[in-house]
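In what follows, a single structure is set out as structure tokens and then discussed.
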Amino acid sequence: KGSELQLNYYSESCPRAEEIVKEEVTQLYHKHGNTAVSWVRNLFHDCMVKSCDASLLLETTNGIISEKTAKRNFGMRNFKYVDVIKEALERECPMTVSCADIIALSARDGVSLLGGPSIDGMKTGRRDSKESYSSVIDDFIPNHNDTMTLVLAQFQNVGIDAEGTVALLGAHSVGRVHCVNIVNRLYPDTDPTLDPDYATYLKGRCPNPQPDQKEVEYARNDRETPMVIDNMYYKNLLSHKGLLLIDQQLTSDTSTYPFVEKMASDNGYFHDAISKALLLLSENNPLTGDEGEIRRDCRYINQE
């Protein structure tokens with residue numbers, strides 16, 4: 001059904017739509033660099049669950065329980081800036097551009113601002129969901145300490161193979177991880193697959209075996225180039241500096257290890273692979289035609 005999406009879907013209804021998204025995303029990036037990381041995360045957390053339909057953005061209200069409350073979406077932030085992009089589009093073309101397309105386009109532009117690939121061929125025409133899928137999120141979004149077999153199966157469900165999975169996890173080349181998701185590798189015993197110096201550094205960042213979720217305790221995914229989507233992530237994995245268990249498992253699974261090696265040695269290959277995988281993800285089971293709606297406010301279903 002992804003085929004119902006089109007290139008330049010808004011060329012007549014809102015000719016500047018994609019340009020407006022890019023302008024807003026760029027401005028936000030220059031004010032708050034970490035917004036770009038959030039756009040990439042939003043695509044993953046929205047599109048993996050059922051459909052690329054902006055269900056992620058709905059607030060808890062009128063019988064809807066927000067997906068943002070789910071454990072797997074812990075630490076997601078910068079949602080208020082989606083509203084900034086939406087407002088700019090509403091000023092230009094009211095009730096025309098879907099929140100689902102904003103998620104896809106802002107991810108594309110965010111990747112490029114973070115020094116990742118320019119993603120060509122991003123289609124539009126997605127519509128917005130009228131429901132939230134908070135109760136089933138665990139079935140779709142991998143957990144940081146799941147087995148590689150399970151993670152690969154979850155990506156396979158949305159049409160992404162082992163190579164694409166390894167490339168998408170390369171998004172962990174930017175951003176940061178809360179200590180809550182790291183301490184299981186540090187306490188009571190240090191995970192023997194961790195580089196000892198790196199483990200010492202992580203214990204300095206996360207000194208408490210039971211971190212407070214509300215405290216800003218975190219470690220950067222990649223200390224070398226923390227705000228660049230590059231293959232440093234794979235180089236770190238090969239030197240036992242994967243931050244999350246799932247990162248490190250890419251090197252111990254025979255179906256993913258060769259791709260880690262190849263991406264570590266070739267940034268261009270990594271960029272091509274992540275670009276392809278993000279496009280596939282963005283086209284997962286979209287609502288099109290007369291399905292769903294175009295939300296006026298990304299946080300709420302339209303009130304008739």
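Cβ coordinates come from backbone N, Cα and C, glycine included.
Record features, source TrEMBL:
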type	residues	note
ACT_SITE	His45	active site, proton acceptor
BINDING	Pro142	substrate binding site
BINDING	His172	heme b binding site
BINDING	Asp222, Thr225, Asp230	Ca(2+) 2 binding site
DOMAIN	4-302	domain 'Plant heme peroxidase family profile'
SITE	Arg41	site 'Transition state stabilizer'
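Positions of TrEMBL features highlighted on the structure.
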residue	record	CB count, 10 Å
Arg41	site 'Transition state stabilizer'	20
His45	active site, proton acceptor	22
Pro142	substrate binding site	21
His172	heme b binding site	22
Asp222	Ca(2+) 2 binding site	22
Thr225	Ca(2+) 2 binding site	16
Asp230	Ca(2+) 2 binding site	20
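Report note: the Ca(2+) 2 site is defined by Asp222, Thr225, Asp230, and the residues of the same chain whose CB lies within 8 Å of the CB centroid of those residues, excluding them, are Ser173, Val174, Glu224, Pro226, Met227, Val228, Ile229, Asn231, Met232, Tyr233. Ranked by Cα separation from Arg41 (site 'Transition state stabilizer'), the binding-site residues Pro142, His172, Asp222, Thr225, Asp230 are led by His172. The Cα atom of His45 (active site, proton acceptor) lies nearest to that of His172, taking the binding-site residues His172, Asp222, Thr225, Asp230 as the candidates.
Across the fold, the C-alpha of the residue listed as 'substrate binding site' and the C-alpha of Asp230 (Ca(2+) 2 binding site) stand 22 Å from each other. Here the Cα atom of Asp230 (Ca(2+) 2 binding site) is found 10 Å from that of His172 (heme b binding site). Summed and averaged per residue, pLDDT over the domain 'Plant heme peroxidase family profile' (4-302) gives 95.
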